[in-house]
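Colleague: Quick one: this structure, given as structure tokens, is what I'll be asking you about.
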Amino acid sequence: MGTPPGLQTDCEALLSRFQETDSVRFEDFTELWRNMKFGTIFCGRMRNLEKNMFTKEALALAWRYFLPPYTFQIRVGALYLLYGLYNTQLCQPKQKIRVALKDWDEVLKFQQDLVNAQHFDAAYIFRKLRLDRAFHFTAMPKLLSYRMKKKIHRAEVTEEFKDPSDRVMKLITSDVLEEMLNVHDHYQNMKHVISVDKSKPDKALSLIKDDFFDNIKNIVLEHQQWHKDRKNPSLKSKTNDGEEKMEGNSQETERCERAESLAKIKSKAFSVVIQASKSRRHRQVKLDSSDSDSASGQGQVKATRKKEKKERLKPAGRKMSLRNKGNVQNIHKEDKPLSLSMPVITEEEENESLSGTEFTASKKRRKH
């Protein structure tokens, strides 16, 4: 029987939430256990055989996260998960946790690390499981059979829970740093003893910098911080989001200040009255500070300019109309002998004829 569908997803969800708490306390794990209602995982209508098989698979899955290469926090969470699954199972007698002999040394080493780090709640949980005889020691991790398989199924390692191998941290441990500090202090004391001036050592003896150990310590701390940020990109993204929000707020305030300054400059510019020359004082336009008055003033200026253009164009238009009339008359005169229509008498000829008749009438009256 393989891993039941959904069981691995639920276990990884619980462990991932426990990892987000950044804690190894049993109280935090029990709170997540209650919120997810993980105690009801064995509830349901199952026969005894199915119940036993399901419990074995659940305990084997939790035991997988208790061993390397997973991080210390995930291993502690897996220990709490084993304790919860073992005590909430419904099998009678209880199914035990299958432990291979080759892994037991690693388990004892982890127990010692818990005690040294003073994580007594996790150490107590492990001791309680041992006293309850929850472990079943076997030669192999899985039950072997006579069936031959061409492809051996290997359990996939969850990368999120995996403890990345860091050669720098393996090389420079806390013990190595402490030993380097002792050697550096001894070296500085020996320089003072050898030199003539006890207060100041000779420059010829200073083969390394005085802050050599401090520089190495700072580099190691920076590497640890970079390693944490790489392992938990969510925390780094949150800090970056906070910085971006602060930068966005500062940019918005700068834009508001610029807009206010531009508005003040515009108001000052439009509040000043333009003084026209003496010849154009009758066309002077007053401008107010508001945008509406400035727009109306601009409209008035445009209207006055249009009127000036029309006045200038009027005499020129009259001259052009008179010229056009003369040209039309000349054209009619030239066309007279060619056309058979009646002659056209202009207003000037009518006036001359009328004046001629009046002149002849006045002569006749004088004669009489």
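Cβ coordinates come from backbone N, Cα and C, glycine included.
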Colleague: Annotation phosphoserine in Swiss-Prot: match it to one of S279, S289, S296, please.
Modeller: S289
Colleague: Can you dig through Swiss-Prot and tell me which residue of S23, S195, S206, S290 is labelled phosphoserine?
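Modeller: Among S23, S195, S206, S290, the residue Swiss-Prot annotates as phosphoserine is S290.
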Colleague: Kindly state the mean pLDDT of the region 'SNAPC3-binding' (1-168) in the predicted structure.
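Modeller: Residues in the region 'SNAPC3-binding' (1-168) carry a mean pLDDT of 88 in this prediction.
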